[in-house]
Amino acid sequence: MDAPPRRAPPEALRNETARSRAIAHFAAYWLFLLFILAAVFTPRYTRHFYRQTAAVREPLLRNEILDNVFLENAMSAEQVYLALETLLVPHAFQDRYYAGLVPGSVDARGRYGRGQAFSRDDKTLKYRPRYTAMALLALGRVRLRQLRVRADGGAACRAPGFLKAFYATHAGAGAPARCFARYSRADQDAGDLALRDPADGADLALEYRASSDGGGWVSPYSKVDYGPGGQVKDLRVGARLAREDLRQLRRAGFVDNATRAVFADMSWYNPNVDMFTHARLAFEFLPAGKVRPTVAVDSAPLLHDQRALKGEPPYAPRDRAAVLLEIALYLMSFWYLVRVTEDVTDYASLKAYLAVGWNVADVASVACFVVALVMRVVTYLKMLMGHVNTFSEDVAADQHADLGGAASYDKYIRLRLTFQYYRYGRNFLAAGVLVNFVKAFKFLSVSRQLSQFTRTIYVVSAEMLNVLLILAIVLVGFAIAFHVLLGHAIAKYRTFSDAAITLLLVVFGDFDLEEIIAFAPLLGVALMLTFVVIMTFIILTMLLKIVDVSYGEVLEEISGGEGDLARDMRLALYRVAYDAYWTVQIRCTLCRARGALARTAGPRAPPD
């Protein structure tokens, strides 16, 4: 009589079941990553972001203010006026129409992107939108905003005593030998600015506003945090009128010793791709006397979601599907938030839950997607209640209905705050996508071969602290040395943080030795060569050796077992499909059973 087959021990069955469940989760997670890819790359507007931004930014950067003087070379207040008059104003306003055509979204025959021609007697010409180019509509006025420091500010400085006589000689008897220091929000002038044009004696009043459009701005060059308010002046619509306003401001002394920054804001709309663009020109008047111009241009399809969901031309079903995919992604994040909340109860405390690295990744992923959704909703509401989506043109009266009452394009369109909300949402979406792709390494542990990376990281992290401490000491020391030696002459070393980042890039071969030779031919070159030798040939070699040894240990651990990942993946996909199929079948059977029971019971007879 044959012996009965031996049954696997319960522990082995539990391990096999856990492995099968882990592989199923692994397959489902990769399907989720494919869903994220579809939600990110299905929208068609992603291909237009850079093109639309470049259409506005490049003319500002590549055209000349003077002969061989570009916007980035502006050095004085006079060149600031020239940049606004010769670059921004012509770029913002064009009174001429190419071939007399006004591009429209859809013509009378329903063709997308075709031009519409108007006769000169048509009242539309009075109300006409002004196009920078064939496909770029300038929205409203250009807004100038000036940030000033108070004359009695706490940051004010005084000239030394031995210059008082010299200063009084050239500035007038009794004139105080004082100056204005760098900008700070505490020392900002919060009063209206009254000017007078010496040509005709006209008074100019620039109203101070605590907030113009959007939040503050931190300069990437000087690291100064400029406030959101200032003295505001909106240039009139049209190239000729805008130039007249600029020349009047120049004669009246719009920029003086108290000026610390001048901002010029303008918005555009491209009907061909249904995308808005906002440009900001910032001119910083630094205490050292240098003018630092900065151009920031951003583009966004602010009306894409609602117009795609409504199916308005030229949006296709693909655009609606893209919006629905993104909404589904956010709903899945809320579902996962509920699941994470339930998982926390399995731990003794929240601290114990967050002590696991992958749990932190789960919380970060959910947080990023939730914040991205909130920012998208805020952007949506801003566009519904803002100054763009509520236009209902009345050509005969040259008006449109707006929240502020009857108005026209002859005003500044406040879109920068909406752009900020949209960009915050995109930033958090990008962070959430990255966290989810990094979290994929968690599921790679189901395979001994695919878990090499995570296992190597675990082994290396325990031995890396000492080397990282040595690296930090070397980096901080050399960063301070380069900042002290070259911070006065080379922008890459002007602050400690800039010097540290520059030295990190040196490790990857990005450095300019000729620039160092020009200012410190002996000590600078010696410091750079010493840093390269210590960092590249010693410390990095130690790091690579630690990684190499740790990886060898991991390979020895996994060499004893063989696994057929392809077979496991097929079984996992079969299991997912099997569970989904029988879940649907059971639901349908229960529905049919309830329907049959209701038909059998029939209507109850009323009681006697």
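Even glycines carry a Cβ here, placed using N, Cα and C.
Look at TrEMBL and you will find 22-41, 321-338, 350-375, 464-486, 517-544 tagged as transmembrane segment. Look at TrEMBL and you will find 123-302 tagged as domain 'Polycystin'. The domain 'Polycystin cation channel PKD1/PKD2' annotation in TrEMBL covers 322-554.
Using a Cβ-Cβ cut-off under 8 Å and counting only residues 6 or more beyond its ends in the same chain, the transmembrane segment (464-486) has close neighbours at 492-496, 498-500, 502-504, 516, 519-520, 523-524, 527, 531, 534-535, 539, 542-543, 546. With Cβ pairs under 8 Å as the measure, the transmembrane segment (22-41) is packed most heavily against 321-338, out of 321-338, 350-375, 517-544. Summed and averaged per residue, pLDDT over the domain 'Polycystin cation channel PKD1/PKD2' (322-554) gives 81.
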